[in-house]
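Enquirer: To start, I am sharing the structure in question, which I have written as structure tokens.
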Amino acid sequence: MSKTFAEIAEAFLEPEAVRIAKEAVEEYGDHERKIIQIGIHFQVCCMFCDEYLSTNGSDRFVLIEGRKRGTAVSLQNELCKSYDLEPLPFLCDIFDREEKQFVEIGITRKADDSYFQSKFGKLGNSCKIFVFSYDGRLDKNCEGPMEEQKLRIFSFLATAADFLRKENMFNEIFLPDNEETIIEMKKGKTFLELRDESVPLPFQTYEQMKDYCEKFKGNPRELASKVSQMQSNIKLPIKHYEQNKFRQIRLPKGPMAPYTHKFLMEEAWMFTKISDPERSRAGEILIDFFKKGNLSAIRPKDKPLQGKYPIHYKNLWNQIKAAIADRTMVINENDHSEFLGGIGRASKKIPEISLTQDVITTEGLKQSENKLPEPRSFPRWFNAEWMWAIKDSDLTGWVPMAEYPPADNELEDYAEHLNKTMEGVLQGTNCAREMGKCILTVGALMTECRLFPGKIKVVPIYARSKERKSMQEGLPVPSEMDCLFGICVKSKSHLNKDDGMYTIITFEFSIREPNLEKHQKYTVFEAGHTTVRMKKGESVIGREVPLYLYCRTTALSKIKNDWLSKARRCFITTMDTVETICLRESAKAEENLVEKTLNEKQMWIGKKNGELIAQPLREALRVQLVQQFYFCIYNDSQLEGFCNEQKKILMALEGDKKNKSSFGFNPEGLLEKIEECLINNPMCLFMAQRLNELVIEASKRGAKFFKTD
């Protein structure tokens, strides 16, 4: 154990807190710096529950934190049994005897409520959550704590932070939440033996294989002779693409592919309000919108503009308003909610027949034939929505991102500046708006699925953002906005397997009339009017427009939940691609060429009026982000198969650019495999059309492997 950490802990922490922290570090094998973090957390828990009595004179709080794990689990289970509570799947810090509820204490350095949101996403309302920050901020999901408790805790945290800063240990001890502790590993004898056993034949050891790979130099003649030898053993003849050129991909014909994403994008309309840190939970946000924005006045008309089951949707909307009004967010089971939620409508299995009974006929035991999906043609609406996603929205800061760690060298300074530049471009796009909506909404759905699988719950379709004006003026704390796009109803969700499905019914706001070809899956009502702010010169005027309610029943799986709730990963992939290009150019020139590369290096993004369109990397970022996000929301077996097969055509195109020969066994079969994946996925059809355009352009520029017609 490092004497430095131990001495610092003993200088300002109570001896009992230091002892508990040392035991915890040894028990869980944490880094020594955790001594101070654990000690501070334990002392805060003690301050929270010390010297407080219940109405009967006994201790009000039971301290669970600081005990051995086995003892803590036994104590928590005993408390649950004594007070007739459901057992919790996680350990809490404190138990409140007076309110018969567990308490979770958190401590953070962050200036926003992201740490609280992560805790709330895991724990929900199953216990009371209080998150204290070193700068005097308190995030919570309930009333409390007492004023005396807060003052004692904040005073202690301020003293601890000042002491650690004087010792120059604050940044070292409290690492950013996304930074992992470096683990030093040594290659032991067993590891080396296993490594040598895993090398492929004819190599005997890893070092032998490594030496061969480092000295290997390809011999084209030798490789050609080996190919000709193998060709005699293969029945399929090798076909060179110069003689067997690729034709264009045939797109399916038929009705236009409908919109299949779970939430509206371009047509979505949002109501906004200034965010209240004290009321940041999903249910509280929804209550505030209905109370302050008078959204309860939204009443769908009797006859829908299009769609099925209007009576069911209208009645369910009225039940949603009642659930929000009584603040329970729970819808009781009835004919409408059960019908739309798919409760009791699962296909029945063939009943088991006892061995003593005779089977009358085998026809009843046959499974019905699966109907293949109907092929759909390329949707004209997709291009317009793609371009809309690239453009800027009215607000910015849609996707919550982690803080940047301190830079240790000049190259990391370049990278930090580059990432902030790219994030500034991407955070204000319409695509980022939809990503933020997926992250928060699906995250809330995941919480409800885990905590209330047997209930029908109401969840807002919402996102958070920041005002552009405050961001541009450089204000210290930009105004955060809560944006409500609609309401989602989660049906019963017993997700036992990764592919387990559950039904959701969405009610989304819009000021646009439905497109019959695009919105085939929606039932759309007129639902009153709303006021739209429009700029006329330098003044802003309000115009009243019709408000539409788009209703739809769809389903989400456990895997899809995970994809959509982690949509911010699209940022990482996009920014990593451009960052690699910029840092490579800077490393070659041994100077900072980040801005020059962003502004001067061009990237092809599409065609317009028969001509290629290229944009600087700074703007092409938007296209990269939209593509990554669309992969996330439209991903299915069709898209996976298409991307897997199209790589071979792109490899042939790259070989043609480098004037290399390309060949394969069955080029026509490759195209047929690609066309098998083109059924009704809009993203697949869009990418196939883009690939055809790329082939046409390559042929005009002299490509040898593609037909011009």
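Indices start at 1 and increase along the chain as displayed.
Glycine residues also receive a Cβ, built from the backbone N, Cα and C atoms like all the rest.
Annotations per Swiss-Prot:
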- HIS41, ASP93, GLU104, ILE105: Mn(2+) 1 binding site (BINDING)
- GLU65, ASP93: Mn(2+) 2 binding site (BINDING)
- 109-124: motif 'Nuclear localization signal 1 (NLS1)' (MOTIF)
- 166-228: motif 'Nuclear localization signal 2 (NLS2)' (MOTIF)
Enquirer: Using DSSP, would you call ASP93 (Mn(2+) 1 binding site) helix, strand or coil?
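Expert: Its secondary structure by DSSP: coil.
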Enquirer: Could you put numbers on the helix, strand and coil content of the motif 'Nuclear localization signal 1 (NLS1)' (109-124), residue by residue per DSSP?
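Expert: So the counts come to 10 helix, 0 strand, 6 coil.
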Enquirer: Tell me whether GLU65 (Mn(2+) 2 binding site) sits in a helix, a strand or coil according to DSSP.
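Expert: In the DSSP reduction, GLU65 (Mn(2+) 2 binding site) maps to coil.
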Enquirer: Calculate the distance in Å between the alpha carbons (Cα) of HIS41 (Mn(2+) 1 binding site) and GLU65 (Mn(2+) 2 binding site), and round it to a whole number.
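Expert: The separation of the Cα atoms works out to 9 Å.
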Enquirer: Work out the three-state DSSP category of GLU104 (Mn(2+) 1 binding site).
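Expert: Once the DSSP labels are grouped into three classes, GLU104 (Mn(2+) 1 binding site) ends up as strand.
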Enquirer: Would you list, in sequence order, the residues of this chain other than HIS41, ASP93, GLU104, ILE105 that have their CB within 8 A of the centroid of the site's CB atoms, where the site is the one recorded for Mn(2+) 1?
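Expert: Apart from HIS41, ASP93, GLU104, ILE105, the close residues are VAL44, CYS45, GLU65, CYS92, ILE94, VAL103, GLY106, ILE107, PHE130.
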Enquirer: Nearest of the binding-site residues to GLU65 (Mn(2+) 2 binding site) by CA-CA distance, picking from ASP93, GLU104, ILE105?
Expert: ASP93
Enquirer: In the predicted model, what is the mean pLDDT computed over the motif 'Nuclear localization signal 2 (NLS2)' (166-228)?
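Expert: Computed over the motif 'Nuclear localization signal 2 (NLS2)' (166-228), the mean pLDDT is 75 on the 0 to 100 scale.
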Enquirer: Does ILE105 (Mn(2+) 1 binding site) have same-chain partners at least 6 apart in sequence with Cβ under 8 Å from its own Cβ, and which are they?
Expert: HIS41, VAL44, CYS45, PHE48, GLU65, ASP93, ILE94, PHE130, VAL131, PHE132
